[in-house]
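For reference, the structure is listed below as structure tokens.
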Amino acid sequence: MNITNCTTEASMAIRPKTITEKMLICMTLVVITTLTTLLNLAVIMAIGTTKKLHQPANYLICSLAVTDLLVAVLVMPLSIIYIVMDRWKLGYFLCEVWLSVDMTCCTCSILHLCVIALDRYWAITNAIEYARKRTAKRAALMILTVWTISIFISMPPLFWRSHRRLSPPPSQCTIQHDHVIYTIYSTLGAFYIPLTLILILYYRIYHAAKSLYQKRGSSRHLSNRSTDSQNSFASCKLTQTFCVSDFSTSDPTTEFEKFHASIRIPPFDNDLDHPGERQQISSTRERKAARILGLILGAFILSWLPFFIKELIVGLSIYTVSSEVADFLTWLGYVNSLINPLLYTSFNEDFKLAFKKLIRCREHT
């Protein structure tokens, strides 16, 4: 999301990069771009070629991967050219297109994290009822909503830029922050509101999970086999929710068979007669859930928060930053598109198997 404001000539007067510096920067950014492209392609191919992954929750992850792939293919390469050349030489029209695609895709990527968190929240707090509502059509509607909101957030500058052909100047491709209201509107809609929602949702998810773990740990004996099946379903449901891609469909009874067959962590059962043992397993699961949620939230916040703090500070004319700082913070945000496919699939066994299958197919071709 390349939204930079260089308000004074002094802010533009920076030391030119040496050839060595340009080469190092270029190689680093090319590696990031390549990895982002390959990892997101792998997620898309894994979901597309693995029938077991054809679930509504994974459609959201696939859409996130498509969005991050667009960032890698359409946004990052032009940013590399711009940074290495120290000036924009690709014309006014391409500048307009690039800025619009940049803002739309980055905003859409962030909003995808929001709907994934919302999907998980509903899945863990209202598992049975939401399993019936969790369909491909609902996932498609959520994806369409995300793209619509992203367009409404990122497109307004096109309307006033069309009347200002001399700004930005031909050598620069930046969005000028002379509309304070839009700066506040765009930063709130693209980051601060989604961040607040994500924090609230994952906080509630963690406490709901902790409560379920404690309830599981406190039950000494299961009354009958039917009750055991229901509790096992809840345990599997919970585990898969925190393993990032849960497998709920519209039919909870058939999904129980899949959960029961694929669960890796055994539920609390009659063998755990000692309260200390039950408490230890419950605490282990709580720590694992907290660790995964911490990684997801930490990666998102560390990637994008510095950029959007800079946007508000610069947009409100509190402080100006150099182009190097602006570029660094922009690429720190882009790196989130590299991290997303790792975080949202690495904790799931079915994704791991799908990736191994793709690698084996690649070796045989």
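Cβ coordinates are placed from backbone N, Cα and C, and glycine is handled just like the others.
Positions annotated as serotonin binding site by Swiss-Prot, on the basis of similarity to another entry: D102, C106. Secondary structure at D102 (serotonin binding site), taken from DSSP and collapsed to helix, strand or coil, is helix.
According to Swiss-Prot, the disulfide bond annotation covers C95-C173.
The annotation N-linked glycosylation site is assigned in Swiss-Prot to N2 (among others).
Sequence annotations record features per position, and here Swiss-Prot assigns N-linked glycosylation site to N5 (among others).
Mean pLDDT of the predicted structure over the motif 'NPxxY motif' (340-344): 93. Marked as motif 'NPxxY motif' by Swiss-Prot on the basis of similarity to another entry: 340-344.
As annotated by Swiss-Prot, topological domain 'Extracellular' applies to 1-21 (among others).
The topological domain 'Cytoplasmic' feature in Swiss-Prot is assigned to 46-59 (among others); the stated evidence is experimental evidence. Residue counts for the topological domain 'Cytoplasmic' (46-59) under DSSP, split into helix (H, G, I), strand (E, B) and coil, are 11 helix, 0 strand, 3 coil.
What Swiss-Prot records for 85-92 (among others) is topological domain 'Extracellular', and it gives experimental evidence as the kind of evidence.
Swiss-Prot lists 119-138 (among others) with the feature topological domain 'Cytoplasmic', giving experimental evidence as the kind of evidence.
Marked as topological domain 'Extracellular' by Swiss-Prot: 158-179 (among others).
The topological domain 'Cytoplasmic' annotation in Swiss-Prot covers 204-291 (among others).
The topological domain 'Extracellular' (317-322): residue composition by secondary structure is 0 helix, 0 strand, 6 coil, according to DSSP. Positions annotated as topological domain 'Extracellular' by Swiss-Prot: 317-322 (among others).
Residue counts for the topological domain 'Cytoplasmic' (346-365) by DSSP state, with H, G and I taken as helix and E and B as strand, are 16 helix, 0 strand, 4 coil. The topological domain 'Cytoplasmic' annotation in Swiss-Prot covers 346-365 (among others).
The transmembrane segment annotation in Swiss-Prot covers 22-45 (among others).
Swiss-Prot lists 60-84 (among others) with the feature transmembrane segment, giving experimental evidence as the kind of evidence.
Residues of the same chain lying 6 or more positions beyond the ends of the transmembrane segment (93-118) and with a Cβ under 8 Å from any Cβ of it are 1-3, 57, 60-61, 63-64, 67-68, 70-71, 74-75, 78-79, 142-143, 145-147, 149-151, 153-155, 157-158, 161, 168, 173-175, 186, 189-191, 194, 197-198, 201-202, 205, 300, 304, 333-334, 336-337, 340, 344. Per Swiss-Prot, transmembrane segment is recorded for 93-118 (among others), and the stated evidence type is experimental evidence.
Two recorded stretches are said to be in contact when at least 3 C-beta pairs lie under 8 angstroms, sequence spacing 6 or more; the transmembrane segment (22-45) and the transmembrane segment (323-345) meet this definition. The two recorded residues, C173 (disulfide bond) and C106 (serotonin binding site), have Cα atoms 17 Å apart. Distance from the CA of C95 (disulfide bond) to the CA of D102 (serotonin binding site) is 10 Å.
Each residue contributes its Cα atom, and for C106 (serotonin binding site) and C95 (disulfide bond) these two points are 16 Å apart. The stretch in 139-157, 180-203, 292-316 that contributes the largest number of Cβ pairs under 8 Å to the transmembrane segment (60-84) is 139-157.
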